[in-house]
């Protein structure tokens, strides 16, 4: 039978003393399966997971499952990527002021001791974003390194900025065969973009074909970068991801950044979640993208509470482009087209020349050159990649493209560096242009391009593609945690391909502008590195709390954050605690801390048996458990009214103001008064010293017996004094009663 990769979960405590290491035991255990070949063992995990990955036939898997030493055997999972102005937008180019008690340069010096591990498509090491000028020696505690391959020379390509470059391809090679050269080098662009966003060095005069020109830099410009290539053309295999997390833990990273994921799964079957738990236990902050499946409800990925789950918002920067129609009307869209324009002459506009759905979507082979040559083609967004549609139009002889959203994408606009003059529009404008193209006797159009515009209002806006809650794995944990910049982000790019990523794109550019929660995740990873530098003793949970409770929920017009899908007011199911604010996060006043033991008590509250628990945490038992998973000391609340109309949660706050002396905070709670009554006791907390901990209990009472299931409402719990505001979002849901 054909062999596939499986991850084998072993009962670590059952290792006989005769074996020197667990790896020896795993190898022998696999050899005991009759026909297993010598190279069947792909990875023997150490820090991240109690077990190994192996290439096996179904018969070998059945044989292993019968072993008393084996918890379970699981087929490998395929995960996918969640594919210059950001530091200014976040205020990172400014002095941080007296409240934070540190300026950005002091923080950058401290951040040279912080190492960010990025699991992605590898790195293009020649990029100026990985320049190590004026950087101190690599921290002595670093145990990682760079792997030599035909196209990657550690002596040349690694330095004091890029201190690690490894690749993990064994799972991918079993699934797909070795169709790519195994190497840390990035032939996709995604990994170079994410790692330079997190910690790229400052590069002046950066732009994409003249767009977004200025300084490009990462969030933590002086932090170190270690890249772990786990993604290949066919995706990112769970066995390879787990091996990379395992290695990153042993290498000594401080932050892990994963701009990838799949659907949500129970924690005991969540490869990324299990690896992230092991990292968190060792003090490593783990940041993951929320996914790009929005605005669909409950589309969120990477929901484990020990992971920072990051959604995406817009910047205050735009790339306007225009269409002028033959009826005299002009409409504004977006584009990153950087070539020769169309001039001023109107040309014929065509839409779905054959009336079939593949021609209105401009799918490959659907356009008749005789019908589109020399014309502007109107294409509906969807099914194929946006830039691919432009390539199809160009191949058929079209001179321009209008890309119009349908209901699926609403008003969300994402700019692309198309191969021909092309402009993207939201659904409403798209419908107007479609109507004109269908009804005008001889429809005509001309496209024009407006460059880069700053200080756009409103911003930020939640990206329509950003995946949404509620969390289906544990509804009592609110996800996403927060949002960061993820739309039209400029960062370093691989020279192995053009800015569209298409094989037919001959252009090469050192920077590219792309969008996705893949882009927002490394922003948070880099900011976590800055917080780690400023507060080296803080736990991952404390850093997460500081980032969440200081986030903001109003845009630059002082109005509530809006949702790009329809420009309605956004909710915590889209933006979590709000948009990250690095200044305030450096000095949050109070934090909600949680230890690994607290997360174990959380898992036990889900009625996990000791055996299920040990699939996530080795050797743990349910000696303590919460009455309700929502009792976890989390910086946000998700209140689910089920059999009871009353939900009561106790939280603990820790004073992290380093100045000492007595500080007093007062509570305020917001809830929709017609639906929920909410009270906080005590409503005043006094902290006398740094490190003091105080508890409070918040009680939520549903005022109505029968609220429609699927109904949601939102509120907040805020602790405030003259210097700090510690804000937690609250989501209310009503379950259908039996």
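In case you wondered, yes, glycine gets a Cβ from its N, Cα and C as well.
Among the ranges 174-198, 199-223, 224-248, the one that TrEMBL lists as region 'Disordered' is 174-198. Across the fold, the C-alpha of residue 190 (active site, charge relay system) and the C-alpha of residue 518 (active site, charge relay system) stand 8 Å from each other. Residue counts for the domain 'Subtilisin-like protease fibronectin type-III' (631-731) under DSSP, split into helix (H, G, I), strand (E, B) and coil, are 1 helix, 59 strand, 41 coil. Long-range contacts of the region 'Disordered' (174-198) within the same chain: residues 3-5, 42, 55, 76, 78, 81, 83, 86, 116, 118, 120-125, 127, 129-130, 146-147, 149-152, 165-167, 216, 218-220, 223, 225, 227, 229, 231-234, 237, 255, 257, 259, 489, 491-494, 496-497, 501, 512, 514, 518-519, 521-523, 525-526, 529, each at least 6 residues beyond the stretch ends and with a Cβ under 8 Å from a Cβ of the stretch. Between the C-alpha atoms of residue 120 (active site, charge relay system) and residue 518 (active site, charge relay system), the distance comes to 10 Å.
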